[in-house]
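Record features (Swiss-Prot):
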{"type": "COMPBIAS", "residues": "388-406", "note": "compositional bias 'Polar residues'"}
{"type": "CARBOHYD", "residues": "Asn27", "note": "N-linked glycosylation site"}
{"type": "CARBOHYD", "residues": "Asn198", "note": "N-linked glycosylation site"}
{"type": "LIPID", "residues": "Cys370", "note": "S-palmitoyl cysteine"}
{"type": "LIPID", "residues": "Cys371", "note": "S-palmitoyl cysteine"}
{"type": "MOD_RES", "residues": "Ser409", "note": "phosphoserine"}
{"type": "REGION", "residues": "1-23", "note": "region 'Disordered'"}
{"type": "REGION", "residues": "382-423", "note": "region 'Disordered'"}
{"type": "TOPO_DOM", "residues": "1-52", "note": "topological domain 'Extracellular'"}
{"type": "TOPO_DOM", "residues": "77-88", "note": "topological domain 'Cytoplasmic'"}
{"type": "TOPO_DOM", "residues": "111-125", "note": "topological domain 'Extracellular'"}
{"type": "TOPO_DOM", "residues": "148-168", "note": "topological domain 'Cytoplasmic'"}
{"type": "TOPO_DOM", "residues": "191-220", "note": "topological domain 'Extracellular'"}
{"type": "TOPO_DOM", "residues": "242-298", "note": "topological domain 'Cytoplasmic'"}
{"type": "TOPO_DOM", "residues": "319-336", "note": "topological domain 'Extracellular'"}
{"type": "TOPO_DOM", "residues": "357-423", "note": "topological domain 'Cytoplasmic'"}
{"type": "TRANSMEM", "residues": "53-76", "note": "transmembrane segment"}
{"type": "TRANSMEM", "residues": "89-110", "note": "transmembrane segment"}
{"type": "TRANSMEM", "residues": "126-147", "note": "transmembrane segment"}
{"type": "TRANSMEM", "residues": "169-190", "note": "transmembrane segment"}
{"type": "TRANSMEM", "residues": "221-241", "note": "transmembrane segment"}
{"type": "TRANSMEM", "residues": "299-318", "note": "transmembrane segment"}
{"type": "TRANSMEM", "residues": "337-356", "note": "transmembrane segment"}
Amino acid sequence: MSFPRGSHDLPAGNSSPWWPLTTEGANSSREAAGLGEGGSPPGDVRNEELAKLEVTVLAVIFVVAVLGNSSVLLALHRTPRKTSRMHLFIRHLSLADLAVAFFQVLPQLCWDITYRFRGPDWLCRVVKHLQVFAMFASSYMLVVMTADRYIAVCHPLKTLQQPARRSRLMIAASWGLSFVLSIPQYFIFSVIEFEVNNGTKAQDCWATFIPPWGTRAYVTWMTSGVFVVPVIILGTCYGFICYHIWRNVRGKTASRQSKGGKGSGEAAGPFHKGLLVTPCVSSVKSISRAKIRTVKMTFVIVSAYILCWTPFFIVQMWSVWDTNFVWTDSENPSTTITALLASLNSCCNPWIYMFFSGHLLQDCVQSFPCCQSIAQKFAKDDSDSMSRRQTSYSNNRSPTNSTGTWKDSPKSSKSIRFIPVST
């Protein structure tokens, strides 16, 4: 898991790249005994027990990520409900997570199984490009999803100005930027042939950097582009969102307190031509429960992303900026698994979607004939929930003997809702 210190230095450690940012990546199952004197090319040995652990963890992550995100895509495709902008972002974030599974985790899994890269030079470059492309896509799709929630909460009027077109442009920009920013991988990585300690020839997919600053510049740039900058943007957006929600809640609380001394009839709303008029705060000043729910969901996704990827990038930066850092000192199961679990983020997201959007799980279950009993239970629960909402609506209607006068003021910042009542 080391980096080359010169233009053609070979890594003094491991070679199977589950670290897509590093030279040879991170098959940390390479034993320290495989190192030659003075950091010479490694011998052709590795810790097989640790290698088996890596393969097992990667295989589990791959299967869970593919099944989870495929289920979300199937549910979104089969849902009878009208799709929203949030569904569009969830669909593309699931596609980005599938890209992580197939372009990053799967090559790493195959590489750990074969130990050495077994393929031509062009395949080495393509694999390295797709590995980083998946990382960029997953991060940037999360950024545009959070930006959409920021616009919906803090600038609701803009959601009325071709929101679908803007959302698609944001998603297309995320995919395009991810592809472009990962193109340098083609020029950095290549298949390099070297001689191991026992005198035999071997080849692997490694990077070539300009000494002495090339490695640091590369890893710092990748860490900033994939992790640091997106996290700053995400934090800024959520700072504004939280402030806007806090201000909205405070305004509603003050409004209720100011109306506390008024009669129930006046608080409920006056009559006008047989209609019960109930003022409701305009969408400019109010935040719906649906928006709050999607904000909560996005916040949990962002938190999972930060928790999963932070150890990975900390070790990356530590390895290139600490001159005393030695990979063989940290090649143990705990360090290896911590870094491997970075891709666990792609496994978590589907379950977060289904937790916050219950109908996705219901629609997914209904897609499988073997799960009809579970689907019927979901349908019953959904019907009971609808009945409770209708009962609550009926109980909250104002009495027909409410009194008051109706006045339509064009200067009012409140919209008017008319509810027909019997007289």
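A Cβ is built for glycine as well, from the same backbone N, Cα and C atoms used for every other residue.
Counting residue by residue with DSSP, the topological domain 'Extracellular' (111-125) contains 9 helix, 0 strand, 6 coil. Of all Cβ atoms in the shown protein chains, 9 besides its own fall within 10 Å of the Cβ of Asn198 (N-linked glycosylation site). Within its own chain, the topological domain 'Cytoplasmic' (148-168) is flanked in space by residues 85-86, 88-89, 237, 240-241, 244-245, 283-284, 287, 291, 294-295, 298, which lie at least six positions past its ends and keep a Cβ under 8 Å from the stretch.
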